[in-house]
Structures are given as C-alpha cells and as structure tokens.
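Undergrad: Taken from Swiss-Prot, the feature active site applies to C410, supported by sequence analysis. Residues or ranges marked as NAD(+) binding site by Swiss-Prot: 52-53, Q130, 176-178, E196, R201, 242-243, 263-267, 273-274, Y322, G492.
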Amino acid sequence: MPESKYRQQTIRAPRGTVLTAKSWLTEAPLRMLMNNLDPDVAENPHELVVYGGIGRAARNWECYDAIVDALTRLEADETLLIQSGKPVGVFKTHDNAPRVLIANSNLVPHWATWEHFNELDAKGLAMYGQMTAGSWIYIGSQGIVQGTYETFVEAGRQHYNGTLAGRWALTAGLGGMGGAQPLAATLAGACSLTIECQQSRIDFRLRTRYVDEQAATLDDALARITRYTREGKAVSVALCANAADILPELVNRGVRPDLVTDQTSAHDPLHGYLPSGWCWEEYQKNAQSDPRGTMQAAKRSMAAHVRAMLAFSKMGVPTFDYGNNIRQMAKEMGVENAFDFPGFVPAYIRPLFCRGIGPFRWVALSGDPQDIYKTDAKVKEIVAEDKHLHHWLDMARERIHFQGLPARICWVGLEWRQKLGLAFNEMVRCGEVSAPIVIGRDHLDSGSVASPNRETEAMRDGSDAVSDWPLLNALLNTASGATWVSLHHGGGVGMGFSQHAGMVIVCDGTDEAAARIRRVLHNDPATGVMRHADAGYDLAVECAVEQGLNLPMVAATQGKG
C-alpha cells in the first residue's frame, strides 16, 4: 500500500459553534468528512477506510489534507469538485449551488470491473467510495439498523404471523453494514446467530451493544440459541468463524433457522470475504501478491456459502440476499441457481420505496446528544400518528450507541421529509438546538440507485439495469440546492453492478436554507415515487396522485384508464 494511504493520526470532527471554515455550509462537509474518519466510526481510519471493504473518505492522505484546506477556504459562491476522493477544482457558482460536488469510482461500463478498478487504484487514479464513505455522510452501523429492522419485521409479518418471538435468524458479517444485523434482529424480537471471521469486529460490536454475547464454539452457539428461543428472549450471539464453513455444517446437521441472510463484504472478493481455511493475515498478504488467485479463492468459498443458503431455502426457511452480491459471485463460480432465493428489496422493502419511504438521517454538528433527543421529540410531534416510527425512535434512544457526531436515522417518505427538515431548520433558528443540523441519506433509497442485484432487482417493467434514474436524482438535487451531491458507482454490490447518488443539506436556521430544504427534501424522495410509478407500481402511482406530482406519462396513462 502506498505510504500516502496510511497515517497514524486520530481525526475527530470539531464540536460546538466555533467555525473552522467560512460558513456552516462549508463547515458541515468538513465536519462530516472528519466524522467519517473518527476511530469510533471508521473501520480502518489510518488507511482512510470507512466501511465496506475499501470504501474510503479520500483517495490518500495528501488528498485529504487538500480537501480540508479547500473547504476551509471555500467562499459562499464557490463549489469544490471531488473526483474519486481527490479535490480537482474550485469554481465560481452561486449562493444556492451545492458547495461540493462528488463523483466516486465511476467507470465507462465496458471497463467497470474490479480488475480494472484495482489497477487504477494501485496507480492512485481512483478510489472506491462505497455509498456514504466517499460522500461523507456515514453515521456508523446505525445508518442501516432501521432498514434491517424493517426488513426483519416485514419478514415476521409475511412468514410468522407478525411476530419473531421465539424465532432466530442466521447471518454473517459484523462490519460497518453487517454489524447492524444482530441489534436489528433483537429490536424486531428475534434471536440471532452472526458468524464473523475477525475477532476485532466482534469485540467492537460487543462494546457498542450491537451484539449481546459471544459463543466459544458452534455447539455453544446453538445451545444458547435453543435456550433463548425456548424462553422467548431476543438475544444476539456472535461466533468467530468462517461462514463458508459454518453454514454448510449447519445444513449437514439438519439445523433449521427461522430466517437466513448474509451481510459479509462479498461484493469485494479481494478485500472483503475471507476464503475458507485462510487466516486474515494470509488473506491480506495474498491480496497483494496474487490478487487474481485470491479473488478466485474467495469466490469459491462464497459458492459454498450460497449453496448452503439454497439448501436452507429448499428446507422452507425464508432466505434472502441482503444486498452484498454474494449470489452473483456464486453464480460466476458455477452455482447456476444462485438467484433462486430473492434479494431483500423485492421480498420486503419495495412497497416502502413506492411511497418514497427510505433512510432519512440527520446529524447534530454541535456534537451534543441532547440536540438529537430534541429532534427525536420533534419527529414524534410532527409524525404524530405513526406509532411504529415512535417505537423505533424509543428503541433507538435506548439501544443505539452514537458513533462520532450524534446522529439519528428513521425511515420516512415523501409526505414527511420536507416537513421534518423545515422543523429542524426552525429549531436551529430559534436556538432549540445548539448548532446546525445536516440531513442526508444512504444511497440505498427509492429513487437514487440502479442496482439489478439489490435495490432495483425484479422491477415490474424489467428496467432493473436502467441507470438514468440515479443520474436524474443527482442532477435534480444539484439544481434544487443541496449542500453537497454525490454520484458513485459500485457501492454495496461492487464494480459493474450499481450506480447511485446521494445528497446532504444543511439546516442552518436561515430563510435561504428553508427555501433549499423545501426544494431538496421534496424533490429527492419524489424521484423515488416517480421512478416506481414509471415502472408501473400502483402504490407509487397512488402516492404521486396524493402528493400532486407532475408526471406527464403517468398522468397520460391514468387518463387513458
């Protein structure tokens, strides 16, 4: 690894109201960049890795320093351009333009492979931004907890008469994304057994209360699961082992979980999935000396992993891919029926996307947890009738450990995002919270991603691979005045399999911010309703009509009906 990708330095975002940059609109991206690299947030901050294999916040440390310098100097009518983690230009725009525009990991489709990307990365010409790593809005595992919780809850509704009490989920992976699974299962009322091959990750999840217990052996783990499910307790258990070994063993023993999924970093076979029989140090060494052989070894293990998942599915166990592209990797290794079990979006989440409901998140730039608790109360006040959401907020306050700057996520839709943003802006204006708040989201949202093996799998009209939609989302958020906008490739499922966009907007208490919030927090989720209405989903068409969206072709179709 080039020296510029490693630095023994601890980075934490400033707290309070003293500015390092010239305004809150440039202070916000500066703090959020730094927050992504906080050791309480990032998986490997010394190498700029935030989460998801090699998802970085900046291309190298020289680029990081240059980004920080540019943001501290940026004027109110200038825009900083970031190309794969490198600051490449500052241009005069206008006050309501984004302060930062980011493009990460984008490759011409024919060359959009891990092999070509890794060559560029080795030359210092590219950076893998994942989704929220390179777009500076990662908030730790909380960022995916509610989405995973909603998935488990819906699985309980569909398969177990609305409750997961006395049930258990089998999964793997305790990294930045997978680490949400055990807590989400617990919050949904289920026990869980999560396989993780790195003890350090288990230790972190135990320390932050995302995992309740660690078992010493597989027999110990199964004994715990049996005891807790019999007692109706929702307890999460971790086991340090390789999923490619454990899942086939469970199949051979005839063990029958109640849900099976996976959230290892299978999207990146070179850095994110330990081959069976290897130790982590051997994996890292071989990734440098023999990348092709290492990737093949990882994918062979993924094939064994997926064959076991298929066996569980054949037993009648609800089994689903949680968006890491492990089915694709297995299919490339000869598992022709790898896609016989579905992804989580078509199985459980798409009805939410049809109404523009997705991962709305916000961060208190003050660093004061009380600011988040006050906004929690405001959400309950505004979305007064949604008791399911209230329950989520109560559980989140009780169980979720803040990582870095205090943050919250809750899944809300087109009807509410603008209202909540305006309310937060008013709280800043009136001094109810001590500093501005940033509002963003995961790129995993209803209108901001094209990913045929994940968010857009099995679209009704067959438009799974059409990536015009995230491009339009990024363009519209730019035109609407988001504070920073990002357009990435390869997040979640790896090179060649996704394109996606993100946005963040600052609530600084000004009238100008309120005007931008009205545009951005309406238009952004509205693109999701538009995308699903265009694909023929009745729920989305109904939502578009209810919210008064101007969708010419949908209106024409409705008129013909």
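Quick reminder: no glycine exception, Cβ is built from N, Cα and C everywhere.
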Undergrad: Tell me the Cβ contacts of S265 (NAD(+) binding site) under 8 Å, same chain only and six or more apart in sequence, or just say none.
TA: G52, G53, G173, G175, G178, H271, G272, Y273, N324
Undergrad: What is the separation, in Å, between the Cα atoms of G176 (NAD(+) binding site) and C410 (active site)?
TA: 18
Undergrad: If you measure G492 (NAD(+) binding site) to C410 (active site) at Cα, how many Å is it?
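TA: Just about 20 Å between their Cα atoms.
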Undergrad: Cβ distance under 8 Å to E196 (NAD(+) binding site), same chain, sequence separation 6 or more: which residues?
TA: A172, G173, L174, G178, I202, A238, L239, C240, A241
Undergrad: Please identify, from the recorded positions A243, C410, the residue with the sparsest Cβ neighbourhood, meaning fewest other Cβ atoms within 10 angstroms.
TA: C410
Undergrad: May I ask for the distance between A243 (NAD(+) binding site) and C410 (active site), taken between their Cα atoms and rounded to an integer number of Å?
TA: 30
Undergrad: For G176 (NAD(+) binding site), list the number of other Cβ atoms lying within 10 Å of its Cβ atom.
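TA: Its Cβ has 28 other Cβ atoms within 10 Å.
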Undergrad: If you count the C-beta atoms lying within 10 Å of each candidate's C-beta, which of the binding-site residues G52, G492 ends up with the smallest number?
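TA: Lowest Cβ count within 10 Å among the binding-site residues (G52, G492) is G492.
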